[in-house]
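Below is one structure, written out as structure tokens, with a few remarks after it.
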Amino acid sequence: MTLADRVLGFGAVSHVRACLLLLLIGLASFLPGLASLQPMDRDEPRFAQASKQMLETGDLVDIRFQAEARHKKPVGIYWAQAAAVAAGEALGVPRARTQIGLYRIPSLIGALAAILLTYWAALALLDRRRALLAAALFSACIMLSAEARLAKTDALLTACSVAAFGALARAWLGRARLERQRGPASLGTALVFWLGLALGILVKGPMVPLFAGLTALVLCLREGSARWLLDLRPRLGLLLTLAVVAPWFLAIAWKSGGAFFGEAVGRDMLGKVGTGAEKHWGPPGAYALAFFATFWPGAAFAALAIPFAWRQRGEEAVALLLAWIVPMWLIFEAVPTKLPHYVLPLMPAVAILTVLALTRGALDPRRPGARWVAGLVVLIPVGLTLGLSLAAWRLDHALPLAALPLLLAACGLAILAWAAFAQGAGQRAGQRAGEGAREGALALGVAASVLLSGAVFGLTQPVLQSLKVSPRLAAIRDALPCAAPLVASLGLREPSLVFTIGTDLAMLNSGAEAAAFLREGGCRLVLVEDRFAAEFAAAEGGQPLSPAGRVTGFNINGGKPVGVSAYAALPGATP
């Protein structure tokens, strides 16, 4: 009996053990770097800053980034982040409102909930052992690992989506009591469905209803009837949904004069549908190509499950999973705006489908090309080991030496995962030994992912100081010998700078404005990006000033090097 078989056997003894094991995997994957990773421009600090301003102003209805209305997403994520930070303050966390790790707690909770709900959803289709394996495979995917440590909406959105899917699965599979052992969906299942929809609306507007509604539509067309949806108690559910979402939507409609809906729907959502919004255009097929990275380590095995899914598409369980995955995937491929996290809510179903294929002997290493496809599982850890080492050397002239043992161990486990899969070539596909080898391959992939997560986020990213431009500039401000300096920035306008410096950070447009800002008296600091250095010097009369500090680094969002000099004016001194 292999170690993977023992771990799965231990978890499959009871639901409590399975959930504890999944939580352990999730925490081991998601906690490294949660607090030390810098605010990642641009979306994350926009969310965090808007939540911080809710705490500063006490206004829990309107959403703002500095003076600008941020009418793109509903209020759910901001409330969750503000609550996490308020709890941190109550517990005595120093400078809680600028600790990005506190703002990431809702995403961490959302990712953990998504794992547990994937297990619950999989139990409608698989036995406990295989449901545990499917949830573990989803927990290991790179996309979830990234979103779990970013203060954004997508981890919570995924939890809401998979909750709705699990309830929908039970309603679909239990729609004919006399023909199936499973009965109709219970009241509790119906409540899970509608709460998933309601909370999903508060987090990201229409996305969860779109996921669930399109799936239900496809299944209704297949069935030729929508009566099975009555098991979800739609009247009660709609009332519950309205009770949850209506108060804030009515409040923001009144407060913004209806502007929220025009911005959120007219510009944000429809803008992404019509054009490649915010420089994120991508061609059809981009998600399919990116999938081999975003769903690693399960992507290669999921690709091997595609022929099984096509052959068995008439089977109810497979039809259900395909109804969740395929229609929305095609829509995302057709929409010009491409961001890798858009398809994250579909990945729990992909993980379940992959394990379902495994249980049917469809992940057969004897199939032509199967072992070559499975070999792709090795590429990501090897590529990250080489790429991160090169990046650290080029940007900071350092190597992530502390991370190298874990990076190499992750590479080794990925190779063992491929070898375990290939081992089944000598076994008949239906034999338990062959299936155990393939279960072991997936389990080894999960273990490789846990090590890789710790190596990348826990040990490598602290070495990459060139990427931490805003926190280093904030440290210059904190080192000034005067309290509460006023700060302005000329050139650098990243949201992470607003979050780390403060809401009152002034954004300047010219060297003359920067020079005038320093002359206004009191304790002041102006940050001047290099491309404005000559203009600022000219405004100062050509007399060179001694900077209070200087930061050089690499702007991830712009994809180019950046240099910023900080000039201070202290009380009683002439700048």
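Going from the start of the chain as shown, residues are counted 1 onward.
Placed from the backbone N, Cα and C atoms, the Cβ positions cover glycine too.
Taken from TrEMBL, the feature domain 'Glycosyltransferase RgtA/B/C/D-like' covers 104-249. Each residue of the domain 'Glycosyltransferase RgtA/B/C/D-like' (104-249) gets a DSSP state, and the totals for helix, strand and coil are 114 helix, 0 strand, 32 coil.
Taken from TrEMBL, the feature transmembrane segment covers 15-37 (among others). Beyond its flanks by at least six residues, the transmembrane segment (15-37) meets 7, 99-101, 104, 108, 111-112, 115-116, 119, 128, 131-132, 135-136, 139-140, 145, 148-149, 446, 449-450, 453-454, 456-459, 461-462 of its own chain at Cβ-Cβ distances under 8 Å.
Taken from TrEMBL, the feature transmembrane segment covers 105-126 (among others).
TrEMBL lists 131-150 (among others) with the feature transmembrane segment.
Taken from TrEMBL, the feature transmembrane segment covers 156-173 (among others).
Among the features that TrEMBL reports, transmembrane segment is placed at 185-202 (among others).
Sequence annotations record features per position, and here TrEMBL assigns transmembrane segment to 208-224 (among others).
Cβ atoms under 8 Å from those of the transmembrane segment (286-310) belong to residues 137-138, 140-143, 318, 321-322, 329, 332-333, 338, 340, 342-344, 347, 350-351, 353-354, 356-358, 360, 362-363, 367, 370, 373-377, 379-380, 414, 417, 421, 441-442, 445-446, 448-449 of the same chain, restricted to positions at least 6 beyond its ends. TrEMBL lists 286-310 (among others) with the feature transmembrane segment.
Sequence annotations record features per position, and here TrEMBL assigns transmembrane segment to 317-336 (among others).
Here TrEMBL flags 342-360 (among others) as transmembrane segment.
Taking Cβ pairs closer than 8 Å, the transmembrane segment (372-393) reaches residues 142, 292-293, 296-297, 299-301, 303-304, 365, 399-400, 403-404, 407-408, 410-411, 414-415, 417-418, 421-422, 441, 445, 448, 452, 456, 460, 463-464 in its own chain, all 6 or more past its ends. The feature transmembrane segment is assigned by TrEMBL to 372-393 (among others).
The feature transmembrane segment is assigned by TrEMBL to 399-421 (among others). With a threshold of 8 Å between CB atoms, the same-chain residues lying at least 6 positions outside the transmembrane segment (399-421) that come near it are 297, 301, 363, 365, 371, 374-375, 377-378, 380-382, 384-385, 388-389, 392-393, 437-438, 440-442, 444-445, 447-449, 451-452, 454-456, 458-460, 463.
Counting only same-chain residues 6+ beyond the ends of the transmembrane segment (441-460), those with a CB under 8 A from a CB of the stretch are 4, 7-8, 25, 28-30, 32-34, 36-37, 133, 136-137, 139-142, 145, 149, 296-298, 301, 354-355, 358, 374, 377, 380-381, 384, 388, 392, 400, 402-403, 406-407, 409-411, 413-414, 416-418, 420-421. Under the heading transmembrane segment, TrEMBL lists 441-460 (among others).
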Outside the transmembrane segment (317-336), six or more residues from its ends: residues with CB under 8 Å to it: 125, 165, 168-169, 172-173, 210-211, 214-215, 218-219, 222, 272-277, 281-282, 284-288, 308-309, 342-343, 345-346, 349-350, 352-353, 356
Dominant neighbour of the transmembrane segment (131-150) in 156-173, 185-202, 342-360, by Cβ pairs under 8 Å: 342-360
Highest-contact recorded stretch vs the transmembrane segment (105-126), from 156-173, 185-202, 342-360, CB pairs under 8 Å: 156-173
Overall pLDDT of the domain 'Glycosyltransferase RgtA/B/C/D-like' (104-249), taken as the mean: 94
